[in-house]
Structures are given as C-alpha cells and as structure tokens.
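Novice: Shown below is the structure under consideration.
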Amino acid sequence: MALSGHTIGVVGLWHLGSVYSAGLADLGHRVIGFDDNPETIMNFQAQHLPVYEPELAELIKKNVSSGQLQFTNDPSALRVCDVIWLTIDTPLADDGHPDIFPLEIILQQIALYFQNPVTLVVSSQVPIGTAGKFSQLIKNIRPDLQFHYVYQPENLQLGQALKSFFTPSRIVIGADDQIVIGVIQEIFAKLNTPISIVSTASAEMIKHALNAFLGTSLSFIYDIADLCDVYGADVLEVSRALKSDQRIGNSAYLDASLGFSGGTLDRDLSILVLKAKEQGIMVPVIEQVARKNKNHWLTLIKFLESNIADLSHTTIGILGLTYKPGTSTLRHSLSIKVAQALVPLVKEIRGHDPLASTEEIIAEVAPMVVSDDVYTMSQGCSALLVMTASPEYKTLDFYALSQVLIGPKILFDAKNFLHEQEEEIKKHGLQYRGVGRGHSTLL
C-alpha cells in the first residue's frame, strides 16, 4: 500500500477509466492506469484523451506531474497494486446485449500479476450474475490467490463526470465479506459521502434498476408529451407541476425530448429484459420503455414530412451531434440516428457541433456537410434541428438565422431548450416547434 493511500490499478481507459484514474489519484492514491492497447497509452501520455470531459485533461496532467498517476500497457506493472479496479467499457453484442467476454479475456491476462491478497473492484457495466462468473474465473487461474470481490456501480454522466465522481449523492458498494468494506471506505474517505453497503447481487441489480427507472420516467413523459401536442397542453407546465409534488421531486427525469441517448439506459433495460426471459418472468413495463424510446424520435421525421412541402428538395441543418452537451463522443447519439434517417429523404443534410470532430461526424454520416459556423451552415436550410442543449445554442442570433434560412424557416427544439426564447424566435419570422408544447403541426 502506498504511504498516502492504496495503490490502485485501473484497468480499461475509455471514459470511465479515464475519470476513475484521475479521480482516485486526486483522492491521494497511487494509480496505475492500464490498457492493453499501446496506442491508447501513447495517447494518454501525450494528453490525448479518448473522449472530451470538462477539466479531465487538466486533472490527469496534475496527477501525472505529481507522480500519483501513470499509464502503461504492461500488465506486470499491476503487481504492486493492492486494489484492481475494472473499468472497461463493456461492448454490446449484435443483439444489443452486453458482451462480457472481452472483460473475461482481460481478467485472464492480468490475474497472473495480481499481488496476494488483492481486492478486485468492478465498475464496468455488467449483467447481474457476473460477480460469480468473474470470481470463479479468477479462482481457476489463481487457486492460491486470496481476493475480495466488490461491485461498485458507477453513476458518471458524460459532460459532468468529475462532478459525479467527487460529489455523488451516495456510493453503492456490493460486497459479500466484511474485510473488503473497510478498504472501500478508506478509498473514498475524502469524499465524505454516504456509503450504501449491499450484497454483490443487489449492487448489480441496483445499477440495472436505477437506469430502468430513469428510462421509465422519460418514456412516461414522452407519452404525456404526445398527448399534450394533440390536446393543446404544454408538457413544460405539466412537468413543472409534477416535479413540485413532494412524492416526485424536482430532480425527477421528466423532461420531454425525442428520446434518451447514450448506451447506458438502453443497456440496462436490455439486460433486465434478457434476464427476465431467461427465468420465464414477464416484465411488460420494462419492455415497453425500451420500445417507446426506440421509436419516439420518429415523430420528428413525421413532423418534417407533414410540414415541408417537398422534403426531397430541402436542406436540413442539425445543431448538436454528440450524445449530449459537454462531450465529444458520438456513441449512441440520437442526432446521428436522425441524420442517417434523413439522408435518403432530403436534398442535403448539414451539421454543426461545438466539440465533435469533423472526421468522426463524416465517418458516421458520410454525406453530411459539416461546418464550424452555425450561420454559414444554416444558409439555404429550410429547417434547423437543435438536438442538444449546448450552451452555445442558447445565444443564437435569431435575426441572423432568419436572414439565411429559407421557407418554411423551421426551428425544431428537440430538448425544449429554447422555450424561454420562443417569442423572440417567432418575432424574427422563424417557426418554432418544441416537443409536447401543444402544437402537433405548424400554424
């Protein structure tokens, strides 16, 4: 153990591993970030991170400079670690379910170098029942090894990951023996955050249940938004009233949009459906949540087809192409899905994003014309789709947009992000349309 804390090997260096490496080092532990891809390590050593996260590069640089953090692709470097933290981004199989086989391969590779005894903490997103599989795998490889298994479900949010790490509302620890609980409490001691101690199976289920509940809340408000549109109600007013009820609360996921992006919620919904089928259990609510989110964004396509006379001769612009604001990743981005669907329907599709790279955008949507200037991109567009709530779009010059857009000059606000500016938008001759705002078609 390091003099000022534990020596922790963080295994897997995409978004989760990047944040945990920097965060754990900043808590005073010696951290060795491991990835078996030499190119990944070279990029980290050159301060080129796999995905943008506010202030993360600076935190990594600080802790590398102080000697608290290092990166390597040499598994033997993990010999000095009394804690191994698995943070590999779990891939999805062709059927959409998590594929833990790559994680098992890495565990087989690194288990040979575990010191004895060791604590293995898993924060990768894995299906319930994985604890037993991973534990048995390690026992088969190292029968002599004394190890303690912990599942610590992460709750990071892209674009706000450091805030999520350093100021969590609580930390869930899944452990089946008392010895390891003290180790985890030591690791997170500086956070002064409540720690909820449960069994490993319960911790795995908590991760699934939390994301399924958030997805259920969102799918519910999408249904309400659809009804608001046809009956002239405003989902913003409805949502505000629901959140003011103490039985629901202001932090409830009740913000209408075209659907939730990212792989996290969908992944846990898929896991629960799969595990239920394996046991012959019916989970119709969870199945419907996944189905609603999968199809809800199609209302935008129908709206454009209904409100633009000749869509095939139209140029459409998309503002915001990443999964969410504050990140550069296009993984599981709803904006990309919308763009791909529009390609065969329109004359030209254009895009702008504050953080995503042009090369990555074009790799996802080859015909897209990408611009680093909103107004240049908007020249000759009949509709602008504001897909992410990026701060840059809050200060748009609507008069300038009115001068470069052509009829019908639609501004579609997929997140109801600009609702407070609706009157100003309309004043400049733009046709504003939000989600669930009581207008199913343009007036």
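Just so you know, glycine gets a Cβ as well, placed from its N, Cα and C.
Just so you know, TrEMBL annotations are computer predictions that nobody has curated.
Below are the features listed in TrEMBL for this protein:
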type	residues	note
BINDING	D35, T90, R331	NAD(+) binding site
BINDING	K207, Y253, L254, D255, A256, S257, K324	substrate binding site
DOMAIN	317-420	domain 'UDP-glucose/GDP-mannose dehydrogenase C-terminal'
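Describe each of these features in terms of where it is and what it packs against.
Specialist: Counted within 10 Å of its Cβ, the other Cβ atoms near D35 (NAD(+) binding site) come to 23, all protein chains included.
The DSSP secondary structure for K324 (substrate binding site) is coil.
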Novice: Neighbour count, 10 Å Cβ-Cβ cut-off, for L254 (substrate binding site): what number do you get?
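Specialist: Other Cβ atoms within 10 Å of L254 (substrate binding site): 20.
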Novice: Rounding to the nearest whole angstrom, report the longest C-alpha distance spanning D35, T90, R331, listed for NAD(+).
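Specialist: Among the residues the record ties to NAD(+), max Cα distance equals 20 Å.
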Novice: Give me the non-local Cβ neighbours of K324 (substrate binding site): same chain, 6+ apart in sequence, Cβ-Cβ under 8 Å, ordered along the sequence.
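Specialist: Those within reach of K324 (substrate binding site), by Cβ under 8 Å and sequence separation of 6 or more, are L158, G159, S261, G262, T388, A389.
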Novice: Rounded to the nearest Å, what's the C-alpha distance separating L254 (substrate binding site) and R331 (NAD(+) binding site)? Just drop the number here, would you?
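Specialist: R331 (NAD(+) binding site) has its Cα 23 Å from the Cα of L254 (substrate binding site).
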Novice: Quiz question: given the binding-site residues K207, R331, which has the greatest number of C-beta atoms lying within 10 angstroms of its own C-beta?
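Specialist: In terms of Cβ crowding, the pick is K207.
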Novice: Taking the Cβ of D255 (substrate binding site) as the centre, how many other Cβ atoms fall within a 10 Å radius?
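Specialist: The answer is 19.
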Novice: In which DSSP state, out of helix, strand and coil, do we find S257 (substrate binding site)?
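Specialist: In the DSSP reduction, S257 (substrate binding site) maps to coil.
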